[in-house]
């Protein structure tokens, strides 16, 4: 039975490109059938004049990044948005700006995943160790790599996890290849995963898993192979094919992701960040069968998710039906306050045998990482590609 919510108003802001790509007008029509009015916001004008608003859906990632680069217009837009949020704590924001900023920084999001894994203590999950490279590599860099379990081949990504440049990546096979890398960037150990990526598209408590091709397997250890530079977005398009994804044969373990594991990771991220609309890229280690989270994306494209609008409307309906919207907002942000504080605020205990504390030089920042999940290599990396819908489930 459908719930009718007459008088409720949902505002949204996203780029015209994303509006067209999602065909968001269809979502607005779906909402109106439930009595919900949908309003496209103009951030160049006072939001107060466009209210009242019960929920705001946004994709402000580009604007936030431009504001961080001191673009005056973007700074004004973000400030206007923030001012409205502070003046209207009863309005539900999908999703909170602090959470979006975390997901825009790969170093921060990888650290969050590491803490989530430590908190969950699930041996079926082990994401790659990573380093943040702040300056050009030297001999000390190689020593830190070796000391902390990062092994060739390595995957190099931009620290910023959004925008065209964020898809520019490299696979580095030897020390010589490191010299050509331009910092700042994030480095992860690559792990073979039989050229399969699982993209998890989350909408509140529901998620859909889409299977896509990924990078083929590469042998562990340094080699004289030249570095491979590529654009992961081009490799990942559903209609694309690439020699980088051509798998000659399946090697080692070939397992599909476990629903229980995905549900747990999704729930932990929702609780830690208070987010509802995000994507998780997962690969399966072909030596251990462990799940590795290799990227988290704010408000992804939801390609291959035919029921995205239905899931989104159901999620909005659920949060609007809660007794007190202000209480609801605090629950969204604080549901996992205990978990969030432990994951995001509390430094890991130095006595914890699973944690390697930061050991840095002036040029390299090594994030704390779990060791022991794979004695030979650590899982890795961000890759996507062509798609078929795999599974749909509820994360509760």
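Placed from the backbone N, Cα and C atoms, the Cβ positions cover glycine too.
Copied over from Swiss-Prot, here are the features:
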type	residues	note
BINDING	18, 167, 199, 297	1D-myo-inositol 1,3,4-trisphosphate binding site
BINDING	106, 157, 188-199, 214, 232, 236	ATP binding site
BINDING	281, 295	Mg(2+) 1 binding site
BINDING	295, 297	Mg(2+) 2 binding site
DOMAIN	117-325	domain 'ATP-grasp'
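Locations of recorded Swiss-Prot features on the structure.
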residue	record	DSSP (3 states)
18	1D-myo-inositol 1,3,4-trisphosphate binding site	helix
167	1D-myo-inositol 1,3,4-trisphosphate binding site	helix
189	ATP binding site	strand
195	ATP binding site	coil
232	ATP binding site	helix
295	Mg(2+) 1 binding site	strand
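Between the alpha carbons (Cα) of residue 295 (Mg(2+) 1 binding site) and residue 106 (ATP binding site) lies a span of roughly 8 Å. The distance from the Cα of residue 167 (1D-myo-inositol 1,3,4-trisphosphate binding site) to the Cα of residue 195 (ATP binding site) comes to 18 Å.
This prediction places the mean pLDDT of the domain 'ATP-grasp' (117-325) at 89.
The maximal spread of the 1D-myo-inositol 1,3,4-trisphosphate binding site, taken as the longest Cα to Cα distance among 18, 167, 199, 297, is 19 Å. Within 10 Å of residue 18 (1D-myo-inositol 1,3,4-trisphosphate binding site), counting CA to CA, the binding-site residues 106, 192, 195, 232 contribute nothing.
Comparing local CB density within 10 A for the binding-site residues 281, 295, the maximum falls on 295.
By neighbour count, meaning other C-beta atoms within 10 Å, the densest spot among the binding-site residues 189, 192, 297 is 189. Counting only the Cα atoms, the space from residue 106 (ATP binding site) to residue 297 (1D-myo-inositol 1,3,4-trisphosphate binding site) is about 10 angstrom.
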